[in-house]
Amino acid sequence: MSHEGEEDLLEYSDNEQEIQIDASKAAEAGETGAATSATEGDNNNNAAAGDKKGSYVGIHSTGFKDFLLKPELSRAIIDCGFEHPSEVQQHTIPQSIHGTDVLCQAKSGLGKTAVFVLSTLQQLDPVPGEVAVVVICNARELAYQIRNEYLRFSKYMPDVKTAVFYGGTPISKDAELLKNKDTAPHIVVATPGRLKALVREKYIDLSHVKNFVIDECDKVLEELDMRRDVQEIFRATPRDKQVMMFSATLSQEIRPICRRFLQNPLEIFVDDEAKLTLHGLQQYYIKLEEREKNRKLAQLLDDLEFNQVIIFVKSTTRANELTKLLNASNFPAITVHGHMKQEERIARYKAFKDFEKRICVSTDVFGRGIDIERINLAINYDLTNEADQYLHRVGRAGRFGTKGLAISFVSSKEDEEVLAKIQERFDVKIAEFPEEGIDPSTYLNN
């Protein structure tokens, strides 16, 4: 395989359509605006080209029932308690269920995962022993979570099998599962390195793939080694397939790289990129000395009302030490970081998700995509160095438009500079946390 980097990417047409959505304007505009006109233009183009992807449901569908999904999917959606699609689901699902390629940037917690899970399940006609759907993501925990979403929405589709593959586990077990027609999956969720290894060793046949999804695509494609892995996997799939890419952040530099994998994609950008802050999330900072962090953290955990909290630190050592300190101070906590064994990480993630513990101390391994609905408080014990990573971190609280609270400790000149960059990048004012505290109703759901 060539190592020429970007030049080695497959050249696909990037004659894309684009939908820019500003949430406030979309709310005012109701059922008019750029989304409708762009969709009409796409319908005309497809008609002229003899597109076989089917007719579209109106892009401003207001309920999941308007998407005309399979009865099995509709039942599962009702069981999950979902009634109305989020903004990103409303604008994407009507076309994605018919096989249109998608490039989607939307803030954390707006239901991007459900877009590709529902779209691929809607199109899936399972054939024993054939992989029809491939989903690639950058983190093992995220792969595990996506697999769980597939299980949740396919509960009334008993013939559909889903498997998750990631590094750190014996590849022989994956090979055994794939070889057996009784266990061979129709849907594969995987990290790039492990899936590439399965392809190279011919343990997996991707010649029947109809849907190719990359979640957190900016993170997957910005690292050259990971991008090369994806290219090798991509080449093992048919040329005629649907490709969908999703992320909360998509820089101008990464977009052309994404587009090379796509054919005439629908581009959805929910809210202007500079305003990717989370609706319903209260954001504050606390200025303090490094030595004051532990005392202030204990005070916050005592004073604030929360269901679950995630506390971000900058290193594995600090994660372990802070967790020990919290447990010794009668704050039962669990820690998750990248240096523990894979089985242990998954077990701890599951324990936290199942509400066995209310406090989790983590490095950035939990900073992207991980969706635990009870988290309504995120604390940056150590502030991140990157503005985009701040968004992913605080996005763990206030998922899918719910309320939440994010507090960042600022203890150095570097932290102050990062805070200024965050406010400039996302066009948001982050206030100093009031000494008297804040009203719980501003960050707690009724």
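From the backbone N, Cα and C atoms, a Cβ is placed for every residue, glycine too.
Per Swiss-Prot, ATP binding site is recorded for ALA106, LYS107, SER108, GLY109, LEU110, GLY111, LYS112, THR113. In this structure, SER108 (ATP binding site) belongs to neither helix nor strand by DSSP; it is coil.
The feature domain 'Helicase ATP-binding' is assigned by Swiss-Prot to 93-268.
Swiss-Prot lists 280-441 with the feature domain 'Helicase C-terminal'.
Per Swiss-Prot, the feature N-acetylserine maps to SER2.
The annotation region 'Disordered' is assigned in Swiss-Prot to 23-52.
The motif 'Q motif' feature in Swiss-Prot is assigned to 62-90.
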Practice problem: Using the structure shown, find which entry in SER108, THR113 (the binding-site residues) has the sparsest Cβ neighbourhood within 10 Å. | Solution: THR113
Practice problem: Tally the residues of the motif 'Q motif' (62-90) by DSSP class, grouping H, G and I as helix, E and B as strand, and everything else as coil. | Solution: 17 helix, 0 strand, 12 coil
Self-check item: Per-residue Cβ crowding (10 Å cut-off), top of binding-site residues LYS107, LYS112
Solution: LYS112
Quiz item: By the DSSP assignment reduced to helix, strand and coil, which category contains THR113 (ATP binding site)?
Solution: helix
